[in-house]
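A.B. asks: This is the structure I have questions about; it appears just below.
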Amino acid sequence: MAAAVAAPELRCVGFVGAGRMAEAIAQGLIRAGKVEAQHVLASAPSDRNLCHFRALGCRTTHSNQEVLRSCSLVFLATKPHILPTVLAEVAPVVTSEHTLVSVVAGVSLSTLEELLPPTARVLRVSPNLPCLVQEGAMVMARGRHAGRNDAELLQTLLEACGQCEEVPEAQVDIHTGLSGSGVAFVCAFSEALAEGAIKMGMPSGLAHRIAAQTLLGTAKMLLQKGQHPAQLRTDVCTPGGTTIYGLHALEQGGLRAAAMSAVEAATCRAKELSRK
């Protein structure tokens, strides 16, 4: 009988905050069959974002405390500046049965633990927008009272949204710079690739589709073969061929230095926001 009771509790997932990232995670869990839509409960102060959860078949409420009373696994997905107010509101109903998962950027585990009951089990997750299509790149870090079982359960669930790895919290801000902000960097590169083809006479729609597919195919090869990017680059690059001429142009434009600087700048900004 105990197992029969435990299973529904694991399937009941709550979201305090109903923005794009919360929706992306919920959608991934539901599409992968990790949780049934009717076992997802989301809260937000207005209906503006809750309608997206209702479209998925989820339950919604305007009460954050109701989410905590109904669900043992709860994602905190508010805006950073309102999180302290929300935590003060829900803290009285947090129990030892809860596992709280923050996807709020720039808020440390120590800050979360200070604002919650002393033994609250808290984890921090840094997701990225491709969770919407179940191809996210995520890292998670454990708080002082979160155990291995909490991390394993969360990792199993989040793999429905893409790749999820446990890291020390110090690497979470780096992940924000690399993968959270990196989505925009990759889009800028994809756009530039396509515009190069447009300049040479290819129709715009076709150029953008091929650029995006090129990025997708290359990423799959890197992940599935476990190759270092330099090896795959060498495989494509024949002596005196088209690729080496193009690579030379990229080097002249400082592509690699610019990409490294972009990740560094985004990471430094993430750390700055964390200190605030």
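Backbone N, Cα and C define each Cβ position, glycine as well.
When I checked TrEMBL for this same protein, it listed these features:
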type: BINDING; residues: Asn64; note: NADPH binding site
type: BINDING; residues: Ala77, Thr78, Lys79, Pro80; note: NADP(+) binding site
type: DOMAIN; residues: 13-106; note: domain 'Pyrroline-5-carboxylate reductase catalytic N-terminal'
type: DOMAIN; residues: 169-273; note: domain 'Pyrroline-5-carboxylate reductase dimerisation'
A.B. asks: Using all protein chains in view, find how many other C-beta atoms are within 10 Å of the C-beta of Lys79 (NADP(+) binding site).
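C.D. replies: Cβ-Cβ neighbours of Lys79 (NADP(+) binding site) within 10 Å number 11.
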A.B. asks: Does Asn64 (NADPH binding site) have same-chain partners at least 6 apart in sequence with Cβ under 8 Å from its own Cβ, and which are they?
C.D. replies: Val16, Ser43, Val86, Glu89, Val90
A.B. asks: Please compute the mean pLDDT of the model over the domain 'Pyrroline-5-carboxylate reductase catalytic N-terminal' (13-106).
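C.D. replies: Over the domain 'Pyrroline-5-carboxylate reductase catalytic N-terminal' (13-106), the predicted model scores a mean pLDDT of 94.
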A.B. asks: Other than its own, how many Cβ atoms are within 10 Å of the Cβ belonging to Ala77 (NADP(+) binding site)?
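C.D. replies: So the number of other Cβ atoms within 10 Å of Ala77 (NADP(+) binding site) is 29.
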A.B. asks: When you average the Cβ positions of Ala77, Thr78, Lys79, Pro80 for the NADP(+) site, which other residues in that chain have a Cβ within 8 Å of that mean position?
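C.D. replies: Not counting the recorded site residues, we get Gly17, Gly19, Leu76, His81, Ile82, Leu83, Val86, Val104.
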A.B. asks: Looking only at the domain 'Pyrroline-5-carboxylate reductase catalytic N-terminal' (13-106), what are its DSSP counts of helix, strand and coil residues?
C.D. replies: 45 helix, 19 strand, 30 coil
